[in-house]
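Each remark here refers to the structure printed beneath this line.
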Amino acid sequence: MVKATVLGAAGGIGQPLSLLLRLNPIITELSLYDIVNSVGVATDLSHIPTSQKVTGYSPSDKNDQTQLAEALKGSDIVVIPAGIPRKPGMTRDDLFKINASIVKGLVNQVGLTCPNAFLCIISNPVNSTVPIAVEQLKKLKVYNPKKVFGITTLDNLRLEQFLSDTVAGSIAPKDLFSDVITIGGHSGETIVPIINSWAKGLLDTEYEKLIHRVQFGGDEVVQAKNGAGSATLSMATAAYRFVSNLLQALSTNNTIKEVAFINLVPSLNGYDYNVPNGVKDEVEYFSLPLKIDRDGIKLVEFPPNLSPKEEELVTIAISKLKADITKGVNFVHGPKL
Ligand code: NAD
Ligand code: LMR
């Protein structure tokens, strides 16, 4: 029996993600929560014939936590795409003011109701919302560092697609899966593409263009949608890739490989860990390759043999990430005096 819950299920990401989850045979119960229209979405999905139970929950008023608690009860995986998306001219950090409170409130109820669930945060700015989630769970004394993930998979999808485009389709994007990855964070220069030997086949100008396109790929969609939001369909696909992989780990004895933005505090965390001092002494969060089993993260591994260019990108990412992380931590605890 596996219960998966989507918080923000009626939104641009929430709906297609819920559809994909509806079609996953490992999930026996799908729980959809949103402040609007989640019952409609659940009813619609319930007409798709599968053996899964699907239920929608919405609060009766803005103080009602009972429906959220009911939606979360017994969850094995919770995915959070709740929150506002960007409009042209905005940075992801401009979403902080609204989304920080949304994520804190939802994660608080996760901590009270299903603290042992895998928690996957999509809401932006991920570089800050993940620290908010972690600090809120710590406050409740239920933080399990092996099970909290910021979803950066869309950056990985973009890298696979854009690199395949750059080499004129001579390698299919699917063959680049896990051969090339992004590490760091999820905004602009905090995103670091690691493309290994593929860089040798590219002109310098092609390589620079590729890095820029991966780092600022979100802007392309925001501009093209022209006020109607940001990436939703590609994001739902990305989140589904991550969650369906987690479901494999959860429902079998297999260890799976993924990349996600996680809290890097080894002495507290109890997972094995291979991250250079230059990274772990500088930032408490970083997106990195992970090995995950049913109990959560087993191993965090910094990619080996970075090129000097990739090292340089990591240094820039670290310098930019610090402020984003601190902003998230301070949102929960207030600034250190
Ligand atoms: P959207 O506005 O279409 O949907 C958001 C949904 O959240 C809405 O249905 C809204 O009712 C719901 N919501 C708001 N407050 C809520 C609450 N307190 N509880 C439950 N539900 C609530 O937005 P979207 O396009 O789906 O994007 C959602 C978020 O995902 C944004 O913050 C966006 O920036 C982010 N995003 C992240 C990535 C990533 O790579 N991590 C990619 C794309 C978008
Ligand atoms: C993305 O990378 O597409 C998302 O983070 C949404 C955005 O605001 O760009």
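All residue numbers here begin at 1 and follow the chain in the order shown.
For all residues, glycine too, the Cβ spot is worked out from N, Cα and C.
In TrEMBL, annotation is done automatically, which means it is predicted and not curated.
Feature annotations, courtesy of TrEMBL:
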- 3-150: domain 'Lactate/malate dehydrogenase N-terminal' (DOMAIN)
- G8, A9, A10, G11, G12, I13, G14, D34, N99, I122, S123, N124, M235: NAD(+) binding site (BINDING)
- R86, R92, N124, R158: substrate binding site (BINDING)
- 152-332: domain 'Lactate/malate dehydrogenase C-terminal' (DOMAIN)
- H186: active site, proton acceptor (ACT_SITE)
Can you name the residues of this chain that are 6 or more positions from G8 (NAD(+) binding site) yet have a C-beta less than 8 Å from its C-beta?
G14, Y33, D34, I80, P81, A82, G83, I122, S123
Checking the binding-site residues G12, R86, R92, N99, S123, N124: which ones have Cβ within under 6 Å of ligand 2?
R86, R92, N124
Measure from the CA atom of M235 (NAD(+) binding site) to the CA atom of R92 (substrate binding site) and give the result in Å, rounded to a whole number.
15
Could you give the mean pLDDT over the domain 'Lactate/malate dehydrogenase N-terminal' (3-150), rounded to a whole number?
98
Per DSSP, what is the residue count of the domain 'Lactate/malate dehydrogenase N-terminal' (3-150) in each of helix, strand and coil?
61 helix, 26 strand, 61 coil
In the same chain, outside R86, R92, N124, R158, whose C-beta lies within 8 angstroms of the Cβ mean position for the substrate site?
P85, P125, V126, H186, S187, G218, V222, S230, A231
Max CA-CA distance, Å, over listed substrate-binding residues R86, R92, N124, R158:
18
Between R158 (substrate binding site) and M235 (NAD(+) binding site), what is the CA-CA distance rounded to a whole number of Å?
10
